[in-house]
Each structure stands twice: as C-alpha cells, then as structure tokens.
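Enquirer: Next up is a structure, given as structure tokens.
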C-alpha cells in the first residue's frame, strides 16, 4: 500500500491522479490534498478519499471548507505554507506535485526536504530552480519520477542504459491547434480557438502554453535538469498524432520510444506505481486504426516561445526563472483577454531582454528573480 499526498488535487492532473487511485483502492491511499480554486470539488474529494490533512488557497477558503465539512473534517491549512505542510506531512510515501506554475516550487522543495519521493507534474519547479531541486533531491536521497508524458517516455526509454551511450533526447510536440496557421492569422487568434487543443485535455494555462509551444520549451529545460543533458542534445519534433510521447537516440543509431494513447492517466499511473505498474484505465493503442504517424520540424518563426526557452537555458543563471514568470503573467493576461496571442511571446522576450541575470544560490534568490520578472511583465502588459 502506497500513500500519496496530491498538490493541485482539483486541477487536471490531480483529478486524473485520483481517477487512477480510485481504480486501485488496494494499492493507494491518500494522506493529504492541496487545491487552489475549487473548494466544492475538494469537499467531494475529502469525503471520498478521507485525507488526514488538506490545504486551500487562503483563510477565507479554509473557513468555507470548515463550514461545509462540519464536525468530521481533516486538519485544514491554507496558502503556500499550507501546501508545504501537506507536502511534508508524515504518512505519505510520495507527493504528486501538480500545482500549476511557480507556486508549486516551495511545496515541492518542502516535500523533498522531508524525504518524500516526487511524482513531478509541475515542470515550472525544474524550470525556475532546476539546479537547487536536483541538488536537494540528491542530498535527501529522493527519487523524482516525471509525470509529463514526454519526460515519462524518456525516463522509461533510458532505463537499463548508460548515460554516456545517449546521443540525444527527442521531445515530441503535437503542434497545438495552430500547427498550420500562418503568422498573420496568429495575430488574430481568439482565446476560444487557443483553448481547443486537438489531442490533450488539460488545464487552461498549459493548453495556451501548448498553443504557443512554450510548453515544449519549458519541457526542454525540465529535461535538461531531469536527465543531465545539455541543450544541444535535446531536440523537438512535431508529431501531430501524439502517439509517440518522446524518444531517446543512442550512439549506435538505435532509437527507443514510448508509445500510447494521449491520456495523462498513463504517465500518472507509471509514476505513482513505480517501479511496478498498474492499469491506468486508458484506451488501448490500436496502430492499424490510427493508420499512420507523421513528423515535421517546429517553426521558430511562427512560434518564438520555443526559441526563447532554448535561449534562456543556454544563458542559464536566473534566465529560465524569468522566462517562466513572464510567461505566466502573459498567459494570465491572454486568458483575461487583455493582450493578444502573439503578445505572449513579445512580453516574454522584452522581459528577458530587460533582465540582468545572476547566479542564484538560495531559494530566496530564485524567488526574487521570479518576483522581478512578474513585476516587469505586468508593466509590459499594462502598456500593451
């Protein structure tokens, strides 16, 4: 029996994780849940999974939750500190880190310092502070199992092979809803169009990141830290069918790939059951039914966010943290219909150009770069 705490339990990854857990009551229990936006959903989760402690976004939400639950309720915490408390709590063997954005960094680090193995769905944790996180994981003998489908595919394709035998990692990208949209048409893209991903069902923020290809850029940075691979050995190929989730090419010319239907429950099940496997509930892969698989190069001219991510990784220091923070602000502004689709990349680019990078050592120094970039990007959005 493995006990889990889930950070971001009411989001897309959290709901999918609980769906896998629901299928295997003999294999998984829930110690803690943390959520940010849906107290009503959290109430249902508490009644079904009976966690010992939970966290919500703020004091008002905590009071609302306590009122809804009545006398029989778990310990209730709130804010980033509350999520960190849930992450580090005794009783959990593994923490599923699925809070969206840089807000997941502090709770994930708390879990690592408490010696919890991590099922990592929050790629921003590695983007913002990859060196710090990997150093802490090594220090506390913590295993980080990626939940992103691409990194899960690479993780599985690397097992049993030597690091020095790897020629390169190949991340696949669906291309998003605008794969064949012209640069001129991209300037007129609506929010509703951008939220219609052709293959994956995800939250709003990651869906927009997929449309701009920033999601793939963030995944390149995450892969660098997870697999100790330099930027020039991490490639991206567009694969619209989203059946091959990523590949590893070895020095002998052999390529290992992981295939499956595009359903996040598969990499989630792999991560939370590791090193065993368990049924995930996804549709079975039927290659004759799919018929053919296609591939093409990404277009950096139409999708500059991918280029910006590579540039931030090459520059290092605080640049990836600034890239991520500026993107979070720009995407939020697009979701609020305050800026256009192509303004997202422009905001990120201008924020990065204004930044004087430095080498962070402490968590606070990483967070300071994050705060600076958010303020800069907010100013750019207001003037857009």
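Just so it is clear, glycine is given a Cβ too, placed from its N, Cα and C backbone atoms.
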Enquirer: From the candidates 175, 176, 203, 217, give the one listed by Swiss-Prot for the same NADPH site as 10, 11, 12, 13, 36, 122, 124.
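Expert: When Swiss-Prot describes the NADPH site, the candidate it includes is 203.
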Enquirer: If Swiss-Prot gives 149, 150, 174, 197, 210, 215, 216, 219 as binding 1-deoxy-D-xylulose 5-phosphate, which of 116, 123, 233 does it give for that site as well?
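Expert: Checking 116, 123, 233 against Swiss-Prot: the 1-deoxy-D-xylulose 5-phosphate site match is 123.
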Enquirer: Counting distance between Cα atoms, which of the binding-site residues 10, 11, 36 is nearest residue 148 (Mn(2+) binding site)?
Expert: 11
Enquirer: Which has the fewest other CB atoms in a 10 Å radius around its CB: 11, 36, 203, the listed binding-site residues?
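Expert: Among the binding-site residues 11, 36, 203, the sparsest Cβ neighbourhood within 10 Å belongs to 203.
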Enquirer: About how far apart, in whole Å, are the alpha carbons (Cα) of residue 203 (NADPH binding site) and residue 215 (1-deoxy-D-xylulose 5-phosphate binding site)?
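Expert: Answer for this pair: 12 Å between alpha carbons.
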